[in-house]
Structures are given as structure tokens and as C-alpha cells.
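Visitor: Structure in C-alpha cells, see below.
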Amino acid sequence: MERLKQLEEKRRQLKELRERRKQASLFPGSETMGHHPTEVHAKATMVSVSVQTDMEEGSKIQEPQSAYLRRKEVITYDKGIQTDQIEEEQLQENENHTTTDAVAIETTAADENNKDKAENDQPRLELAKPFLVEEAAATLSNASFARLETEVSASGQQAPSNMQQDKDNLMQWNMVSENLQSETDCDCIAQEYDPGKGVLVVVYLRLPPADLQYASSEAAWSVVNVVKCDNASGRNGLLIDMVEFRGTRIMTATILRRYHPESNVISILLATLTGKIILYELRLKQKKPETPVVYVVQRNMVARHYFQHPVVAVIETSSVQDQERVLVAADNGNIMELSCLDLTVLRKPQQLRPVPLSQLLSLENDTCTYTERLQRLAKFDEVGIACMAYTSEDPQYVWIGGEDGGIYKVFWDQPGPLYLSLDNNGFQPAENHSTRVTGLEFHWDDARRLMLLLSCSTDWTVRLWDARAGKAIIGAPLLLGGPVLRARWLEKNNGGENSRTLRCQVWCADGRLVVVNWAFDAKTSLYTATVIS
């Protein structure tokens, strides 16, 4: 019974559902009514539509067109497998090419790494800042670099890294720059070049205007430039150091210790108008142990005031290690021997004096040129010195160029004052310079065993002498168009024994730099001078 009741109940429910479905089909917008209850819907109307299915006459049958379906592109890969056997020679060749390419790549990479490492390890140089000296006391330290270096070498100890001469030394670096002092506002008064170390020293002088030369606010300026270069002209060189002296007029600059190229110290002796001499030193020192190596240029100056008159001559007489000596002379006739290392006095000042008049009374009948010159000098208490020369071939004598134009051969090793000799120790030429002698320099002629002496003067002439024979060995003196300030020997030119020539360089007061060629004539046994530039 209960089963029948359940079936009846289900039939009733099914019938109600069918009736509700019929009512819902009469209202198509009933689905949206729940979302828009306020919206008013129009009544549904029935529309009949007829569709023709028969084909009209004369119409063409159109073929059905297939719909275009867009398909995704599919990428496929073909894998080929070689089944033939590869020849052994071709395989070996391919392996060789691969190995060669790999080695080349590794070599190139190694070279690039080494190059980068070498550039990073390249030593660097730090120059000292320009220095200005305004006081009379110009000494920086009494412990000179040259003395310290010599003591280390004499003790037998190994020199420290800052004293060793290696490939990174200042003297051997290739440096290019153009930093020379401008010559427009300065006058070049001294120039010295050391080819062994490739160092050029140039001294410039700047004077106040003529209308202000006595003003208290104006003073003379001297500028010393030290240049690393490959030639004496100073072109394409690097300015290593520069020192300015305010109120000091430097007369000469001489490079000392030339015969010690292994030294790491540059020694320069500066002579001033007031008689002060300055030992100006430069050395290279490693800053600190680091990579890359950094070198610093250090400067030192030792000043001494031994003279009361202008210093006009500086001659190095000994180049023995730890015994380097230099002769320094003032224009009033004082001569002193000093150490090149620290300017220590090795021989007290000696005064050059003329022959006493009492000794000349016995020579009244002697009318030679030298005796007449001695008689004129006897009126004074001293002999003015303009220049000086020295040669190791005759070490006991020193040659003096006088302000009166004479050339005097003086015996150096004598106590007390230095007196001129009555016979000038064998040097009595028939002719001599008429005015101040500005330069003397020796040269040894190996071919003819001659000791040649080159001299120049403000009388516009350059002369050549045989120092041992005491006579001139030129047909006529070389006459230039102005006063000559300095002359020095250049390299030799050997073109055979009879055609051998010598060269010298001459500086004139008008700024000209002249090169003179001296050719020996075997017939006359004389030298002939020719200006070649």
C-alpha cells in the first residue's frame, strides 16, 4: 500500500512540473525578470516566416565553399644518422684543427692576461713639486744623498732598493713631454748636459725692468730646470724638477760625478753672483713596497757661503770613488778645493797673485809679451779670474783664463798664496787674447800626441793652442761676429790620419750657437777652422 502511495505522489509532482514548464514557455523574457523587476515587457507576438527551398530557373549552382580553418603551425625536426664509416685521416685532421684552434685561443688569452698584468705592474713615477727659495739659507739637509750612497757602497752592504740601479731607474726611463721654461720672459744663462745619464740642466734668469731694477719690490729670479732627454737641445724631454730662487742670481751650473753612471744620484753645483755655492741633488726612491711600484723623485740642497765675490769657475779634478774633488774659483782670485759629495773644504782658499814687482826689476830688458803683461799686473794685489781648466795629463798645474786676456799656467801644489811664474811654466805664446777669456777646455789628440787647449774670449775670437809646446797651432784665430761666451769640444771625426778633424761648439753673446770644424793640415802642421753651422 505504501508503495502505491509513493507512486501516486510522484505522478502528481511530475504533472505540476509539466504545467509550470508550459507557462514558462509563453514568456521568453521571464529569465531576466528576476534581475530587472521594474522593467516593463511587451506582449509576445507570433510571426510566420516562409523559406523557399526550390531552386529558381536559370540560376547557377554555386559550389559549396569550404570554411577556412586556422590551424597552428607545427615545427618538425629531421634527425639524420650517418651509417657510413668515417675515414680515419679525415677524423685525425678534424681533431688536429680543433686542437690547434683551442691552443691558439688559450695562447691569445694568456697573452692578453700577461699584457694586462704587465700594464698593471708598470712602475710609476711621482715628481717633486716645484720649490721656491726666498731666503739666503737654501740648505734642506746637510746629509747629502751622494755621501749616503758612498758610505753604503764602502761598507760592503747591499744597497737598498731605493739606491739600486735597475731598469726602472730614472736615468733609463723613456719620457716624452714638452715642459721647458718659456724663453720669452727669461734669458738662458747656463746649460749643462750629461749624455751618460741623459740629464740636461738649464738655468734661466729673469731680471726686473730697467726702470724698476733698484725698487725694493723687484728682484732677480733664477729658475733651474732639470730635464730628462736624449740630446743636449732638450727637445722631447720631461721636466724632472724645477727650483726657483727669488733674489738670487745664479751664474753657472755644473754637473758633478759624471764618471759614475752607476750612481743613482744627480749632483749639480750651482754658483751665484754673491759667492754662495749650492749642491743641488736629486735621487730616485721607492715610495713603499706595493704593486705597481711607485718611485718618488727626492730633492736636497746643501748651501755654503765660502766666497765674498762671484763664483766664475768650477772644475772637477778627481773622479775616484769617495774622493771626488772640485776646484771652485771666484773672480777676485780666490781658489778653493771642495768635496763633490758634501762641499767639505779639502784645501783652504788660496789667493792668486801676480809676480812681485821686486822680481820684475831684473827683467827690464825683457820685452816679450808675457813680461809686459806681468808688469801691468804688478800694479795690483790680485789676478782676476774669468775661467779655469784642468787636465789629468798635467795634474800639478791649473790653467787660468784672466780678465786681462792672458792664459796663465799656475803650479797648484804650493803652500800659501799662488803666485804667477816668471816664465809662465813654459807657456809663452807670441800672441794672446786682448780681452777677458771666457772659456778654456782641453782635448787630447791621440794621433799626434798633442794636448790641445781651446780658448775663447770677448774679443770675438776662438783660438787653439798646443799646451805643451806653449804656442798656437792655427794659421789664424777664428773670428766670429760677436763676443764669445763659451766653447766646448764635441765628438771626433776620423777620416784618416792626415784628414782627421775635430769639432767644437761655440756660444756667442748675440744668441748664436756655432759648430766649428778643425781640420789638420799635414803640410803646415796646423789646424784650420771652418764654421759649418
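Note: Cβ is positioned from N, Cα and C throughout, glycine not excepted.
Annotations for this protein, taken from Swiss-Prot, read as follows:
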type	residues	note
COMPBIAS	1-19	compositional bias 'Basic and acidic residues'
REGION	1-36	region 'Disordered'
REPEAT	380-422	repeat 'WD 1'
REPEAT	432-475	repeat 'WD 2'
Visitor: Do you know the DSSP helix, strand and coil residue counts for the repeat 'WD 1' (380-422)?
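Guide: Residue counts for the repeat 'WD 1' (380-422) by secondary structure: 0 helix, 18 strand, 25 coil.
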Visitor: Take the repeat 'WD 2' (432-475) and average the pLDDT across it for me.
Guide: 86
Visitor: Tell me the residue counts in helix, strand and coil for the compositional bias 'Basic and acidic residues' (1-19), as DSSP assigns them.
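Guide: The compositional bias 'Basic and acidic residues' (1-19) comes out at 18 helix, 0 strand, 1 coil.
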